[in-house]
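Participant: These came from TrEMBL, pasted as-is:
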BINDING   26-27, K78, 130-132, 181-182, M270, 286-287, 315-318  NADP(+) binding site
BINDING   G182, G184, C187, R190  K(+) binding site
ACT_SITE  C187  active site, thioimidate intermediate
ACT_SITE  T189  active site, proton donor/acceptor
BINDING   D220, G221, G222, G243, G244, G269, M270, S271, R287, A288, S289, E290, G291  GMP binding site
Amino acid sequence: MPSIINEPKLDFKDVLLRPKRSTLKSRSEVELTREFKFKNSKRTYSGIPVVASNMDTVGTFEMADKLAEAGLFTTMHKHYSIDQWKDFGATRPVSIFDHVAISSGISENDWNKLTAVCEALPQLNAICLDVANGYSETFVDFIRKVREQFPRHTIFAGNVVTGEMVEELLLAGADCVKVGIGPGSVCTTRKKAGVGYPQLSAVLECADAAHGLNGHVMSDGGCTNPGDVAKAFGAGADFVMMGGLFAGHDQSGGELIERDGRKFKLFYGMSSDTAMKKHHGAVAEYRASEGKTITIPYRGDVTNTVLDLLGGIRSACTYTGSRTLKELPKRTTFIRVTQQTNDMYNPYEVATAPKSG
Ligand code: 5GP
């Protein structure tokens, strides 16, 4: 018989951070830089753990240039060629490689490209292994293979949403597990496949599992404003990845469109029809597209967005009395502000409840 989890699982919108007594005088006193020592690569990371997603409209070389300047991280999209990577390596300072990862899928072609780029660019030290469904055995085997070939590279891998799979990926060789199935702004998995997990609960549960093994987690998707990013950190995410919040800028990919004198940029999911036609020539017959294509208002240089984003996180730290981002989860109490839909409206109760007064 199918089983049902009755305990409520929550999204970012379902909670708020409760303010706490604070001795901080201003947001500028908050330290957002974090230092991590990774479980398997043994590398140390130092930076602001806010990450641009490896979507071709977001994770671009130009985005990495700007975000690295501010201490943020970029996972590059999978469609750069080996030559483009060589050019990137030849024209950027070595220091940028503390803030970027190459992304890869798990096909033979992906493996060949990954090994070629890593061989050509010894300064590259982080790899993001990214599949829509991180629950397959093939994925776990691929992580093992990459760990064996690249013992000193930091490996980000996902996506999954449950503690036991976080543990499995860490034990296979990942350093930081990406968490999120279905929350993305241009993702349609919850509708197309009926699969998903509310993101705040996924992060809470996965962070707990990862930290128990000295591993890390990256919350991926579902942040629609800086407050959501603060909630993800409050729930225990070590890194927070976002697509939509970094889309629409000069540094983002995606066509610029002018309509009635206003500018927009195209933003689409990596398994949308748009992306599949662009990179593979067509939508594969056996799979439904699980991403959509939207236009978002053009937002100019990403620098202003970064300031706004970091300002929001600093503010959350100030309200909760967290002098550093590291302290935020320890000082987090979430207040649940929504009810499950069936609590709010039960037609049977409405029909039969005794009238008051
Ligand atoms: P956002 O920050 O825009 O809410 O979410 C970004 C995340 O959505 C990405 O990092 C990735 O995990 C996920 N994503 C990107 N494209 C697609 C897609 O086409 N389908 C699905 N299911 N998820 C996607």
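From the backbone N, Cα and C atoms, a Cβ is placed for every residue, glycine too.
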Participant: If you measure C-alpha to C-alpha, which of C187, T189, R190, D220, G244, S289 (recorded positions) come within 10 angstroms of I181 (NADP(+) binding site)?
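Facilitator: So the list reads C187, T189, R190, D220.
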Participant: Using a Cβ-Cβ cut-off under 8 angstroms and a sequence gap of six or more, which residues of the chain neighbour G244 (GMP binding site)?
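Facilitator: Same-chain residues close to G244 (GMP binding site) (Cβ under 8 Å, separated by 6 or more) are G184, S185, V186, C223, T224, F267, I296.
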Participant: For a Cβ distance below 6 Å to any atom of ligand 1, name the recorded positions from V131, C187, T189, G222, G244, S289 that qualify, or say none.
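Facilitator: Cβ under 6 Å from ligand 1: C187, T189, G222, G244.
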Participant: Return the residue, from the listed binding-site residues K78, R190, with the maximum count of other C-beta atoms within 10 angstroms of its C-beta.
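Facilitator: The residue with the most neighbouring Cβ atoms within 10 Å is K78.
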Participant: If you measure from the C-alpha of S289 (GMP binding site), which of the recorded positions V131, G182, T189, R190, T318 fall inside 10 Å?
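Facilitator: The recorded positions close to S289 (GMP binding site) (Cα within 10 Å), listed in sequence order, are T189.
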Participant: Check the Cα-Cα distances from C187 (K(+) binding site) to the binding-site residues D220, M270, G291, T318 and tell me which is shortest.
Facilitator: G291
Participant: I need the neighbours of the K(+) site defined by G182, G184, C187, R190. Which other residues of that chain put their C-beta within 8 angstroms of the C-beta centroid, in sequence order?
Facilitator: G180, I181, P183, T188, T189, G196, G221, G222, E290
Participant: Cα distance, D220 (GMP binding site) to T318 (NADP(+) binding site), nearest Å?
Facilitator: 24
Participant: Can you give me the Cα-Cα distance between K78 (NADP(+) binding site) and the residue listed as 'active site, proton donor/acceptor' in Å, rounded to a whole number?
Facilitator: 21
Participant: Going by C-alpha distance, which of the binding-site residues S26, G182, R190, M270, A316 is nearest to D220 (GMP binding site)?
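Facilitator: Going through S26, G182, R190, M270, A316 one by one, the Cα closest to that of D220 (GMP binding site) is G182.
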Participant: Using a 10 Å cut-off on Cβ-Cβ distances across all protein chains shown, tell me which of the binding-site residues (V131, C187) has the largest neighbour count.
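Facilitator: Within the set of binding-site residues, the most crowded position is C187.
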Participant: Fewest other Cβ atoms within 10 Å: which of the binding-site residues S26, T318 wins that one? Let me know.
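Facilitator: Counting other Cβ atoms within 10 Å of each of the binding-site residues S26, T318, the minimum falls on S26.
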Participant: Going by DSSP, give the three-state secondary structure for T318 (NADP(+) binding site).
Facilitator: helix
